[in-house]
Every structure is written in C-alpha cells, then in structure tokens.
Amino acid sequence: MRCVTDDFPASTVLGYPRVGPDRELKHALEGYWDGRIDRAGLDRVGRALRADTWHRLAQLGLDGLPSNTFSEYDQVLDTAVLVDAVPDRFRERSEPYFAMARGADGVAPLRMTKWFDTNYHYLVPEIGPRTRFRLVADKPLGEVREARELGYETRPVVVGPVTFLRLAQAAPGSPAGFAPIDRLDDLLDVYVRLLTALADEGVAWVQLDEPVLVTDGGSPAVRHAYRRLAGHGRRPRLLVASYFGDIADALPALAVTAVEAVALDLTHGVPANVDLLRGKTVVGGVVSGREVWRTDADSARALLAGANATSVSTSCSLLHVPYSLRGEDVLPGRLAFAEEKVAEVVELARLGPKPGPVPVAAAVGGSPGVHELRVELLNRREGGVPTERNGRAERSPYEVRALAQRDLGLPVLPVTTIGSFPQTGALRAARREVAAGARGEAEYEELVRAEIRRVVEVQERLGIDVLVHGEPERNDMVQYFAEHLDGFAVTRNGWVQSYGSRCTRPPILHGDVRRSAPITVRWARYAQSLTDKPVKGMLTGPVTIVAWSFVRDDLPLRDVTMQVAEAVRAEVQDLEAAGIRVIQVDEPALRELLPLRREEQAGYLEWAVAAYRWATGGAGDATQIHTHLCYSNADEVLAAIDALDADVTSIESARSGTAVQGFGRGLGPGVYDIHSPRIPDVAEVTARLRNALRHVPAERLWVNPDCGLKTRTYEQVEAALANVVAAARKVRSVL
C-alpha cells in the first residue's frame with residue numbers, strides 16, 4: 001500500500017505511550033536482562049506493541065499516524081545510536097545500547113536526567129570534538145516498513161539535531177570551552193542522509209522534535225539547522241515540533257526557513273507572533289499530553305482559530321499519560337488518558353476552529369465541573385502561603401542546630417542510605433492480595449514488620465550509621481502518601497514510563513489536600529524500637545508530591561503545593577513527638593518543576609523553597625532534617641537547595657560526577673549509582689569520597705548511594721553497601 005500525500009493530516013498526535021497497556025515492555029525487558037527470554041522474544045514483544053498502537057490509533061479515527069516513537073529504553077539514546085554517537089567504552093560490549101543505558105562489566109553508563117520539566121528521564125549523550133557522526137542504524141526506516149506491512153503510512157519521529165546536541169554533554173577529555181552544539185554542521189550531514197533515505201523510501205512527512213525551542217538561546221542554531229535541512233532537495237516534508245512551552249522567541253528563526261509545518265504547544269497560549277508562520281501548516285497542540293483532565297472543546301477551538309491551525313494534535317507526546325480509562329472508576333466524567341485524548345483530537349478536527357476569545361495559557365485544560373468534588377480548604381490566606389501555624393515557621397540557625405544534634409553520636413563520614421530497600425516479589429504480591437481482598441490487613445502488616453526487621457538487621461550487620469526502615473509498606477514514594485491524604489485519587493492501571501523499564505502510577509490531585517491521621521509514624525517507631533542507632537523518618541516533600549502527580553488546574557500550583565506542605569509539616573511534628581531524631585523530607589523534583597525560561601525561575605524557586613521550609617520548619621533544633629535530590633542538574637538550583645536549610649542534603653552524583661562546592665551544611669554526594677545493576681568496588685567508592693573531600697570538609701561529608709534501593713536486589717544491595725562502608729572506614733582511618 002502506498003498513499004503519499006502533500007497535505008498534512010487533519011488530526012495527529014506527536015507520540016504515544018510505548019510500554020504497553022499492561023506494561024508488556026517492562027516485563028519483557030526485565031525478562032531479557034535476567035535471561036528468561038532471548039533477543040527474539042524481546043523483539044516479538046516490541047513488534048506486537050507497535051502493531052497494537054497503529055491499529056488502535058487507526059481505529060480511533062486518527063488521520064496521521066506517527067512511527068519511530070517506540071523505544072526499548074529512551075528516544076535520545078535511540079538517536080545517539082542512530083548517528084553512531086557511541087562512546088568508545090561501549091563499542092566492544094555485546095550490546096552497546098543497553099550498556100549505555102545500564103552499564104556493563106564495570107563500565108559506567110551514560111548519565112540520566114529529566115526530560116525538560118517532566119518526570120521522564122533520558123540518557124545524556126556524550127559528544128566530543130572527535131565524535132564521528134555516521135548514519136549507522138535504520139530504526140526510523142524499519143518502523144516505516146513495518147507499518148506498511150500492516151497497511152499504514154506513517155510519519156517517522158526523530159529527535160531534532162539542535163535538541164540532541166543541546167541536551168548532550170561534552171565527552172570526557174574535551175577541551176575547555178567545547179560545547180556539543182559546536183558539532184552541529186557535522187551532525188546535520190547525517191540528518192541530510194537520513195532525510196534522503198526516508199525520501200527514497202517514499203515517506204511524505206518526517207517529524208523532527210525540537211522542544212529546546214521553548215528554552216532560552218536556541219534560535220541561531222535552529223535557524224542555521226533548518227535552513228540547511230529544508231534546503232536539501234531530496235527529502236520528505238518537514239514538521240518541526242516544539243512543546244512544553246511558548247516558542248514566541250524562537251518562532252522567527254523557524255519562520256525564515258522552508259520547513260513546511262510547525263507544531264505548537266497551544267496549551268500555553270497562542271504565540272503573539274504566530275502570524276509569522278503564514279504560508280506554513282500550523283499543527284495546533286490543544287489536547288494536553290501531560291495532564292489527565294478532559295479538554296474544554298470551546299477553549300481548544302478558539303486556540304486553533306487564534307493560531308490559524310489547520311491540523312489538530314496533542315501538545316506533546318502522550319508518553320506522559322496512562323494508556324486508557326478502561327477499567328478505571330476514579331473521578332468519572334472528568335478524565336482523559338491517551339486513548340481518550342486521541343478521540344478528543346479526532347473530534348476537534350471534525351469540529352474545526354471556532355473564532356472567539358482566545359483563552360489564556362492553560363485554559364484549555366479542565367472542562368466545566370472537573371474540580372467540583374472539593375474538601376474544605378485548609379489555608380485560605382493572602383497568596384496561599386501560611387506564615388504561622390502549629391508553632392514557628394523557621395528553625396534556629398544551622399550552627400545552633402548542629403550543636404543540638406551532636407548527641408546523635410555519629411562518626412565522621414557517617415554512612416546512610418536514601419530510604420527504600422529492595423521490594424521482594426512476595427511483598428508486592430501480598431500488597432496486591434490485600435487490595436483484592438484476598439489477604440487480611442493484619443497478616444499483611446506482620447509481613448511488613450518482618451521486612452522491617454530484616455532491613456534493620458542487614459544495616460546493622462553492614463555497619464550503616466543512620467538506618468532506614470526500608471519502606472516495605474510503600475508502593476511508591478508519592479502514591480503511598482496520596483492514598484493517605486484527602487484530595488487525591490489513585491488509579492488501578494494508570495502507569496506511565498519514567499525510564500527504561502521503570503514505570504510509575506501518578507496519583508491525581510483533584511481537590512484540597514488534608515492529612516486526617518498520621519501516615520508513617522507507626523512504622524518509623526517500630527523500626528526505631530529494634531535498634532539503638534538512629535532511624536530516619538522518611539517523607540516525600542511537597543514539591544515532589546505535586547510534581548509527580550496529575551494536578552488540578554483550577555488553583556495556582558503554588559497554592560496547591562502549600563496545602564501539601566501543611567500536611568507534611570504535621571507528619572514531621574508527629575514523627576518528632578514519637579522520638580524520631582532524624583527525618584528526611586525528599587525533594588528530588590525541585591529542579592524538575594523549574595520553568596524552562598530563566599525569567600520565570602526566580603518566582604518558582606521562591607515558593608518552592610517556602611513550601612519546603614514550611615513543611616520542615618516545625619521541627620526542633622535537636623531533630624536532624626535531611627533532604628535528597630536526584631535525576632537533575634543540581635548546579636542549576638544550588639542556591640535554592642542551600643535555601644531549603646536542611647541539616648543534611650544528599651544528591652545524585654555517581655553518574656554525573658557533580659561536586660557541590662561552598663555548601664554550608666551536611667552534604668552527601670552519591671557514591672553508588674543504584675540505577676545500574678553494576679556493583680562499585682571499594683577502590684571506586686574510595687576515589688569518589690576522596691574527590692568529595694576536596695570540596696566538602698570531613699565533618700560535613702556524608703556517605704550514601706545516589707537514590708533509594710527499591711529497584712535493586714538484596715544481593716546487589718548488600719554487596720554494594722558492604723563496599724561503601726569499607727570505603728568510608730578506609731578514608732575515615734586516615735583523616
């Protein structure tokens with residue numbers, strides 16, 4: 001079947017979920033890595049998932065089907081392999097692709113960080129002056145051919161060259177001042193060859209994703225890149241897709257090129273200079289690819305009219321929302337997941353634009369009545385920020401607190417972990433049985449207590465200094481709290497890919513947030529009763545709970561976060577009253593919510609810090625407050641991290657090599673990358689600690705992994721932590 005048209009389809013989506021409605025890809029990947037299925041079995045699962053996606057999109061009536069949106073791990077990693085940007089340390093591995101993602105045979109993987117301001121993670125390419133770009137993979141063409149065998153013409157989707165290089169980091173050994181974007185012309189040579197190959201295959205349109213357009217400073221590179229690509233004679237028509245923000249500043253750079261179509265994220269409003277795109281097809285992203293609320297049709301149609309859009313799409317890939325509402329009974333009539341959003345796109349294309357008042361940014365989300373279920377508002381104050389409640393809002397200066405905390409009796413270079421320990425299959429199965437009514441709550445709680453005893457015993461045997469209870473009662477660090485707070489709903493099967501095989505089930509924050517009873521206190525108290533060493537109370541911070549949930553859109557995010565902060569504050573105070581002297585309030589998403597435009601960042605950081613300080617400000621001086629940040633470039637928000645005023649801050653750094661200087665309180669740069677199955681040896685951890693001591697005084701340096709240990713096995717964790725403790729003792733002995 002060959003049906004090539006010059007006209008862009010009336011309805012399309014920029015991408016679609018790829019892990020499978022029942023997480024088939026996750027299970028296949030883990031089976032392949034564990035040796036339970038072979039490469040052919042993994043390939044069969046991928047082919048079936050791609051076929052199911054195309055079939056379903058066609059059944060829903062979508063005119064334009066995307067391809068090359070499937071990935072076995074990450075689309076940025078796919079692009080690196082496509083252009084042969086494979087660092088030398090991976091080339092001799094049996095499977096360089098998975099070695100780059102997970103590490104192999106003692107070789108560290110690529111760094112992983114957040115995809116713009118989402119909870120999806122990508123692998124950071126390493127590009128140097130000697131990186132030799134070549135077109136060596138045929139995945140985009142392969143999926144085009146695969147879809148044709150099924151009777152579908154598709155539009156291949158590829159990460160754009162400017163975004164790819166702007167998201168990359170300089171390869172180790174690169175000269176000072178080198179930036180990956182310096183290699184743009186060399187990379188464009190490869191993209192020209194890719195476009196030629198797609199044209200020779202009869203592809204009508206190709207989509208190049210350039211979300212970097214919504215950030216600062218990308219316009220010159222975009223203008224240069226797309227003048228060259230669009231000026232190439234033998235190519236498909238080009239759709240340049242931007243998302244996650246307004247591209248008004250970069251829009252003139254695209255307007256002067258010969259690209260045929262531009263996809264705009266209109267959920268942030270219509271760019272004031274959209275008329276510059278006259279003569280090009282405007283693809284209007286009016287159905288949010290990041291939120292789960294039904295689309296207001298009148299607002300969406302007005303946005304389409306205001307942008308002169310002739311095609312309807314999602315604001316970004318639907319990768320960031322669950323598959324379908326089938327089997328769900330939460331918030332009936334108010335939600336739309338991926339399948340329902342495709343139906344909305346199709347219906348809006350049928351209805352067409354409707355001239356009228358253009359809504360303000362984000363007004364497209366939330367049809368009337370979406371947030372009609374409410375609970376009593378907690379803090380109806382000016383600006384939504386509580387200034388004094390349940391005691392003082394601010395703690396004493398750090399120097400005063402440090403003196404009060406000396407009786408914890410900790411050694412220099414104290415060793416701790418971030419919170420979670422491995423969750424066994426038996427524990428997960430028991431949790432499912434309780435939810436299904438097949439196991440009693442009392443029996444389950446005894447299983448949890450047994451697991452806590454195991455975790456405490458393991459840590460004491462290894463010589464950990466500040467213990468954790470392991471969080472066996474928690475399915476997820478956000479969902480667990482959502483299940484115990486008013487104002488949240490949770491789904492049965494609302495899984496969203498976080499990275500690789502890792503999926504999360506984001507809760508839905510739909511009403512005012514209130515804590516009606518203590519959540520974590522009994523488990524922390526039980527763990528503390530088992531040991532004389534301090535046990536950390538483990539809480540998720542207000543910014544992270546909000547960032548990793550689907551959030552109501554009828555209140556400012558600042559006000560919603562302050563409601564959550566009030567609930568966390570009450571939990572902190574109850575933990576302290578129960579005798580817990582060390583309390584960790586994690587904020588791994590602090591950097592994630594940072595606006596992409598610099599001009600908007602200061603305002604966000606101000607209220608994010610205020611929320612954290614309110615959540616922790618009720619603790620006494622003798623209570624040591626910890627926080628944890630991961631998956632991010634901490635350097636970008638270092639001042640805000642410092643302003644959180646935690647007594648101890650642990651950060652991800654095993655992959656990134658981050659070294660925080662000038663930090664005035666306790667600091668634990670991660671020395672063990674838990675996102676890879678490889679186990680660091682004592683020499684490796686020792687070297688990291690010695691490097692950290694170049695930046696952090698010994699009396700303030702903590703020793704810890706990068707993140708929680710939930711996704712690893714006990715065998716891996718015990719071996720790695722034994723090496724971490726041995727390294728800490730080795731370094732401690734010569735101080």
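Residue 1 is the first one shown; counting continues down the chain.
Keep in mind that glycine also has a Cβ here, set from the backbone N, Cα and C atoms.
The annotation domain 'Cobalamin-independent methionine synthase MetE N-terminal' is assigned in TrEMBL to 11-305.
The 5-methyltetrahydropteroyltri-L-glutamate binding site annotation in TrEMBL covers LYS26, ASN119, ARG502, CYS503, TRP548. ASN119 (5-methyltetrahydropteroyltri-L-glutamate binding site) carries neither a helix nor a strand DSSP state and counts as coil.
Annotation source TrEMBL lists domain 'Cobalamin-independent methionine synthase MetE C-terminal/archaeal' at 413-729. Summarised as a single figure, the pLDDT of the domain 'Cobalamin-independent methionine synthase MetE C-terminal/archaeal' (413-729) averages 93.
According to its DSSP assignment, GLY419 (L-homocysteine binding site) is coil. Look at TrEMBL and you will find ILE418, GLY419, SER420, ASP586 tagged as L-homocysteine binding site.
Counting every protein chain shown, 25 other Cβ atoms lie within 10 Å of the Cβ of ASP586 (L-homocysteine binding site). If you look up TrEMBL, you'll see ILE418, GLY419, SER420, GLU471, ASP586 marked as L-methionine binding site.
There are 27 other Cβ atoms within 10 Å of the Cβ belonging to CYS707 (Zn(2+) binding site). Look at TrEMBL and you will find HIS628, CYS630, GLU652, CYS707 tagged as Zn(2+) binding site.
For HIS675, the entry in TrEMBL reads active site, proton donor. Around the Cβ of HIS675 (active site, proton donor), 23 further Cβ atoms fall within 10 Å across all displayed protein chains.
Cβ neighbours of HIS628 (Zn(2+) binding site) (same chain, under 8 Å, six or more residues apart in sequence): ILE418, GLY419, GLN584, ASP586, GLU587, PRO588, THR649, SER650, ILE651, CYS707. Within the set of binding-site residues SER420, GLU471, GLU652, the entry lying nearest in space to ASN119 (5-methyltetrahydropteroyltri-L-glutamate binding site) is GLU652 (CA atoms). Rounded to the nearest whole angstrom, the C-alpha distance between ARG502 (5-methyltetrahydropteroyltri-L-glutamate binding site) and SER420 (L-homocysteine binding site) is 15. Look at LYS26 (5-methyltetrahydropteroyltri-L-glutamate binding site): DSSP puts it in a helix.
Taking only the Cα positions, the spacing between HIS675 (active site, proton donor) and GLU471 (L-methionine binding site) is 18 angstrom. DSSP classifies CYS503 (5-methyltetrahydropteroyltri-L-glutamate binding site) as strand under the three-state reduction. One residue stands out among the binding-site residues GLU471, GLU652 for having the most other Cβ atoms within 10 Å of its Cβ: GLU652. Within its own chain, CYS503 (5-methyltetrahydropteroyltri-L-glutamate binding site) has VAL19, ARG23, LYS26, TRP495, VAL496, GLN497 as residues 6 or more apart in sequence whose C-beta sits under 8 angstroms from its own. Site extent for L-homocysteine: among the recorded binding residues ILE418, GLY419, SER420, ASP586, the largest C-alpha separation is 12 Å.
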